[in-house]
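The following features are taken from Swiss-Prot:
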type    : residues                                                       : note
BINDING : GLY602, PRO603, ASN604, MET605, SER606, GLY607, LYS608, SER609 : ATP binding site
Amino acid sequence: MTNVTPMMQQYLKIKSQYQDCLLFFRLGDFYEMFFEDAKEASRVLEITLTKRDAKKENPIPMCGVPYHSAESYIETLINEGYKVAICEQMEDPKTTKGMVKREVIRVVTPGTIMNQGGMDEKQNNYILSFIKDGATIAVSYCDVSTGELKVTKFNDESMLLNEITTINPNEIVAADQVSESLKQQMSLATETITVVDEISNEAYEVNQVEDTLMHQAVQLLLDYIHHTQKRNMNHIEDAQVYEAIDYMKMDYYAKRNLELTESIRLKSKKGTLLWLMDETKTPMGARRLKQWIDRPLIYKQAINERLDAVSQLIDRFIERDTLRNYLNQVYDIERLVGRVSYGNVNARDLIQLKHSIAEIPNIKALLDDFDDALPEQFRQLEPLNDLLDLLEKSLVEEPPISVKDGGLFKQGFNQQLDEYLEASVNGKQWLAQLQAKERERTGIKSLKISFNKVFGYFIEITRANLKGFEPADFGYNRKQTLSNAERFITDELKEKEDIILGAEDKAVELEYQLFAQLREEVKAYTERLQKQAKLISEIDCLQSFAEIAQKYNYVRPEFSDDKTLDLVDSRHPVVERVMDYNDYVPNDCRLDDDQFIYLITGPNMSGKSTYMRQVAIISIMAQMGAYVPCGSAVLPIFDQIFTRIGAADDLVSGKSTFMVEMLEAQKALTYATEDSLIIFDEIGRGTSTFDGLALAQAMIEYVAETSHAKTLFSTHYHELTTLDQSLECLKNVHVAANEYQGELIFLHKVKDGAVDDSYGIQVAKLADLPDRVIERAQVILDAFEEKDKPQPQISHLQQTESFVREPEIEDIQDKKEPETEQFQQGAFDLFETPPVESEIEAELKKINISNMTPLQALNKLSELQNQLK
């Protein structure tokens, strides 16, 4: 680019170093953006796009935002997935000759936000790194705002996506190029993926991580954080090594289907298990609760420690209520400490910190009064009286937001500051006396002494009072003329102004220095404060468990040694809350080593899916250490929960409903153990009747022979109910419904035995389908029912051959049923179809839906619709 100004050369040089960012380039009171950055920012921020050098041949696109309100604009860009590099003026333009030095002081990315306004206080803001060495993968993640830092590794690539969707980072840093297929999977969590070419040789203190690959993952993450933030991040904790196998494993689809933290329909917290269980009083407790939901425990001792604490808190209602009041006065200590370390803390933040640590002695005294049922670590709560005293004697109770305008410190904290403030106060008293004296001397009652930053102090007289007034007679020198007034100064006023403003400026400057010193003193307490914050967050979670247990009549779960699951009067905790509690129908469930598969039949809308989900959710709550919605509950400890619930295409990867169903089933069949829980909701409905029936039976048999996992399997293939004759481990149950005077009444009660009717037409009537459709469907159904129904094959488990035997070609040929094909064709012939529709029917028969993506199916449907027009 020719004829570029020196300032624009400076911009282009800096921009070349931050090509993946929008560059906020400081010019005076604005951050300016140029070229493509300006086009992007103006579109997203909805601000005016202008041009620099508009009269030249190639004007430069340009837009800008005021520096004093830039944070809100940055927040908007970050929420849209952009990175923003903040380029500041490093010299005062007023005192600098030539070009002002500028440099990027920080890069704000989705995973490194430190501004409180840009974060949900109840959600962690994680940034994650991963690094691969052959089949081994190390993952490290950090919440820069709180300092939490963890690392793990595993040898199964499928676990990478599980960890990413569990951690749900806002940004991912990779050491190598990421394949498009992996990017698609990662997009379930974030679109912001940064590839770092090399890891810095700069040594960070990660000596506590001995494993080489995990050490590199932490190094990669810290290197990126320091590169973007360009300052010491002393609040980031030592990396905590953890094992993913130490927690119950649930993949993304299981968590989504069970609606643990986000509802499927609204994509919000409301209507989820997190929404139900969140009776926390602190932001730290709310974040900890989500972590506990995402990672239920698998060790009985740790679970029972939590349950013992919950029991104590339930039994002592008055103390729990007092504890909740104390916690309600505690602010977000974790993020306040992060802001102290980062350097963007203000005086109001420190007042919040003061109020928070003032509650620690109260919380400690209350918990010390409990018996030994509370976990031992809660005895480690530490009153930080020395820090409390420091903050109490230093800062005023209601300081201004800005730390550069003074008014922060109490009188008596610093002698020099007191002297400056006294000079300023005395000077203002003198100004008030001068104003009264001048009013009397001039006889102008409306005369006033005012101040602005341009002219300093001045005497103002309205134009109406200037008639016959001679300023020189009173020693007034004209300073400024306004439309309705004149402004004057006097020698005496000017002399006093220098004294007053000198004292004020010195006081403000000294206060800023004192605040910086105070911030450093508070920073020394970082590790102790973080420890207290962690303990308080755990206490908050446990009292939340106790609160919901007592409020909703939950019971303490027991854990069986023989892997028995026995739930009496179990309820879905969320469903019963969004409906009238008294209307909810509780149900039992018993599975053990001898009978570990429930085959569940019943009409649509009868509650089969709710019943299966509630068993899974109760298991999760129990292993979190919470009470559960049951009359009584005995459970095994599950290592994994697998779900296949609902019908949904995977539009991201172009997989059909049936393919998604099969992939989720594959995970359960491949990885489930005898300690796992499987929930299969109407497997096989995405394909033809015979294919679906065959696959459903084969899956049931596979679980029965291999993993022996506890399994809830709902189906509308009533032919499968005969499997209880060949599989002793399978029990038929059904969700009851009655038909009364042509109307279907759902009882929502799970009873022993099978049903042979799904009441599909009755459910269709409830949906108010046209009467003509209902009547026609009944005629066709009657015709179907006159023919033989397809029957499942005798279970291979009754035969001597192994499950893995592949059928011979002759076996498959022998199973062709031409009579059934003729019957199906005859059933369709019952419709009186016009000729054009017969052609479309023929076209439909050629389509193999199982091999189509959703987009291909929509295109084909559009093509057929056009033929009908």
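Cβ atoms here come from the backbone N, Cα and C positions, even for glycine.
These numbers come from a predicted model, not from an experiment.
Taken residue by residue with DSSP, SER609 (ATP binding site) is part of a helix. Taking a C-beta cut-off of under 8 Å and a sequence gap of six or more, SER606 (ATP binding site) has these contacts in its own chain: VAL735, ALA736, ALA737, PHE746, LEU747, HIS748. The number of other CB atoms found within 10 A of the CB of PRO603 (ATP binding site), across every protein chain shown, is 23. MET605 (ATP binding site): 18 other CB atoms within 10 A of its CB, across all protein chains.
Other than GLY602, PRO603, ASN604, MET605, SER606, GLY607, LYS608, SER609, the residues of this chain whose Cβ falls within 8 Å of the Cβ centroid of the ATP site are, in sequence order, VAL735, ALA737, PHE746.
Applying an 8 A CB threshold to same-chain residues 6+ apart, the list for GLY607 (ATP binding site) reads VAL585, VAL735, PHE746, HIS748. Around SER609 (ATP binding site), taking its Cβ as the centre, 21 other Cβ atoms fall within 10 Å, counting all chains.
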